[in-house]
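Straight from TrEMBL, the features:
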type: DOMAIN; residues: 90-516; note: domain 'Major facilitator superfamily (MFS) profile'
type: TRANSMEM; residues: 21-43; note: transmembrane segment
type: TRANSMEM; residues: 142-161; note: transmembrane segment
type: TRANSMEM; residues: 173-191; note: transmembrane segment
type: TRANSMEM; residues: 197-219; note: transmembrane segment
type: TRANSMEM; residues: 231-255; note: transmembrane segment
type: TRANSMEM; residues: 261-279; note: transmembrane segment
type: TRANSMEM; residues: 344-363; note: transmembrane segment
type: TRANSMEM; residues: 375-396; note: transmembrane segment
type: TRANSMEM; residues: 403-422; note: transmembrane segment
type: TRANSMEM; residues: 428-451; note: transmembrane segment
type: TRANSMEM; residues: 463-484; note: transmembrane segment
type: TRANSMEM; residues: 490-511; note: transmembrane segment
Amino acid sequence: MTDYDAATAFLGGWGRFQKEVFFLLCLSVVPNGFSGLSIVFVADTPPHMCLIPAHANLTAAWRNSSIPLEEERNSGALVRSKCSRYKLEDVKRFSDGGLLPGVDVDLTNVSTESCLDGWEYDRSVYVSTIISEWDLVCDNRWKNPLTSSLFFCGVLTGSFISGQLSDRYGRKIVLFVTIAVQTLFTLFQAFSPSWTVFCAMFFVVGLGQISNYVAAFVLGTEILGPGVRTVFSTAGVSLFFGAGYMLLPVFAYFLRDWRKLLLGISLPGFLYVPLWWYIPESPRWLLSQGRVEEAEAILRDAAKRNKIQPPPVIFGPLQKELQCEMRKKVHNICDLLRSRNIRWISLTLWLVWNTVSIAYFALSLNTANLHGDAYFNSFLSAVVEMPAYTLSWAMFRWCSRRLSLFSTLFMGGLFILFIKLIPADLIYLAITLEMMGKFAVTTAFAIVYAYTAELYPTVVRNTAVGACSMASRIGSIIAPYFIYLRSYSISLPYILMGSITALSGLLSLLLPESYGMPLPDTIAHMQHFPGCCQKTPYTLTHSEEKENAADKKSSVVL
């Protein structure tokens, strides 16, 4: 808000207080890079085929020929079947009789059966994954994408409840409670005795993961000044998330058993306990709750850290009166749809977030399917995000928010669509285009987070960002099934992802512009939908009653 920024301008832009808040909050999101994408390695499917038990006593010729050859759906090459074998009873009879496969016995006439004795997995890349431990292949392969989707169902639930809890009880308490939830349940997950228990734990991990990310994001956005806020909300938290994502394949390379990997990525969470004493509550939120004295105490402590003498009175009577008016009404998620203006902004943002989430997570989860080493591909996918986050900061610093979001989404959609035009033998060109698409979509993801925080007012900001994140989780729940479509057609996921990403880029042009605008404080201070080039900064003379009256009038006219 204009008056808040003016009242706290005495702190300066980049003192010791701002540096501590900036780096500690950024540091708190590093584990999100671990847990959010650990499923790429934890649930990767190693090469496998039906197990031929040792007690069958087959000859070497029959043991090597006991698995039928099948035509691979996408390449047309003949490969060993993953889900069937020649009937063991018949094969054993042929072996005991001294007959040779393909010479004395026509294999096309031999009956097949399912993998009654389980599967044999290639251990050259992974010692163990949940796929190999619980045989989530063949008839049970549907459980693989469902595992990821259940995690994102937890993210959806966390997005729904954490924003409202944060707006009601405070950003700081929600941040640290959800960090604890994410850390402890990742640890519990490593001891899961079954796939069902694993998924239940994974659901709670997802709930904690998104909740602490959104709480840290909003807390930093509200505490930091306008100049630093832009860096924090785009490059800051995103680069630290990317750093966690980059460390994931390093952890996975050295910890190739899925249980050890989960243990390894859960332990860093315990290092965040001391941060409770260094990260303050949001003074903006305290003001919105009428807790003026607490807000002033935090700002005076900040001034002390910055070695600055604070003014005798930080918040004037007009500001305190405004905060009291804000406190009279308790806001919830329903307020995001209550009036016409905020309703259309919310619906548009929900669609955009949903599409960005589909593209981002589908491309991230697909790294294990790319040609080459899975660890290197995952690391490359993470490295691509670092310049993307830097670009998001540059665009957010100097460019129109609306045009920045449109250009990155539209270009990302085109890159993804172009992949299907690449011949099958040009594998590395296809990977390059996929990484370019990932680069553009990642940039859009960073931009839309910060853009959303600027469009919504303080009274519902955490709820709004949480609701947008919640809407995007529909996309992340669907994303694993986009990868699942590869079993029917390699190009189909790219056609669907590219089309909806480009279309959502066009849709984003309807959003209002927030570049150079102060953070809105109440719903009446929000920009109007559809957006236009003219900026209309709010003043303290605006009121929600005027906005509601205008909405009623426009509804009558319509």
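Positions of Cβ are set from backbone N, Cα and C atoms, glycine also.
Only pairs six or more apart in sequence are counted, and the transmembrane segment (490-511) with the transmembrane segment (403-422) gives three or more Cβ pairs under 8 Å, enough to call it a contact. Contact between the transmembrane segment (197-219) and the transmembrane segment (463-484) holds: at least three of their C-beta pairs are under 8 Å, each pair 6 or more apart in sequence.
Counted over residue pairs 6 or more apart, the CB atoms of the transmembrane segment (21-43) and the transmembrane segment (403-422) come under 8 Å in fewer than three pairs, which marks the two as apart. Below 8 A, the CB atoms of the transmembrane segment (142-161) and the transmembrane segment (231-255) form no more than two pairs separated by six or more positions in the chain, fewer than 3 in all.
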